[in-house]
């Protein structure tokens, strides 16, 4: 499955960049209520987000979407720029999937702290990542991965952050991942959770796939325990997928009950506004999808800690349906997601 790369490039300032930075500073304590309204109509397109940050989470003013909006405004394509700003103005996760995580994490948590916001990160560097599929790669071996996680944690320091640990890594083992050393992978995941939780203000969510992949959540209980979920704050669902809030929430409560211990969870709502595509390759750049519930920690649902945009809307799932490589920015797809958002 597709995973976007972390980017630290910073373009020159622009009107959008300045507005995002000012919004982050001024709106830190303002609630919008958008997440609760969208949850009530799960599976319908979310209201089109305004170019302002959600209550708790950090907006990266230098994201690919922000750069695209700036470019199009300079070219006079103001209508398209406004659509892309529906993405650029919302908090999205920063993916770390290569060496050098420590400096990238430190830079982003610093920027978020200055804006009095909480950044969301994704650790995505497990050896034999994605079982050799579209997003293959990862650390060379266990030793490199442990060093990488240690650096990631040092970069977090004492700052507030959410970290999603290794999308697909557990579910792939449950479903059958050729070439993966299961014992090693479980050990590395447990190490990642334990090491990240040593940071005093870091919330850690171990990825648990999605309701359509492993339909019976009981099959995930033992694997998640082996992967260290007991030390985590909870688990993440629907990362890079399109299942509705209701389907994911119901599944999350069933899984939390089976795990025991009062575990909480988060849901990726970045592209689930129209629910899942009914057809082949439903997970890979499916047509007709829409932005989902804007990121918020005010879900109104017990045990559901946040709706997050973990997948960065507009970044490709892979070289299917005419898309670029996994994780690459695809402005045409981004426009479709934004244009179908309700409102």
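Positions of Cβ are set from backbone N, Cα and C atoms, glycine also.
What TrEMBL lists as active site is 130.
Within 10 Å of the Cβ of residue 168 (active site, proton donor) there are 25 other Cβ atoms, across all protein chains. According to TrEMBL, the feature active site, proton donor maps to 168.
Residues or ranges marked as active site, proton acceptor by TrEMBL: 317.
Look at TrEMBL and you will find 95, 213, 241, 283, 311, 315 tagged as substrate binding site. In this structure, residue 241 (substrate binding site) belongs to neither helix nor strand by DSSP; it is coil.
The feature signal peptide is assigned by TrEMBL to 1-39.
In the three-state DSSP reading, residue 130 (active site) counts as helix. Residue 95 (substrate binding site) sits 15 Å from residue 130 (active site), taking the C-alpha atoms as the reference points.
Using a 10 angstroms CA-CA radius around residue 283 (substrate binding site), the active-site residues that qualify from 130, 168, 317 are 317. Among the recorded positions 168, 213, 311, 315, 317, the ones whose Cα sits within 10 Å of the Cα of residue 130 (active site) are 168, in sequence order. In this structure, the CA atom of residue 241 (substrate binding site) is 10 Å away from the CA atom of residue 317 (active site, proton acceptor). Largest Cα to Cα distance within the recorded substrate binders 95, 213, 241, 283, 311, 315: about 22 Å as a whole number.
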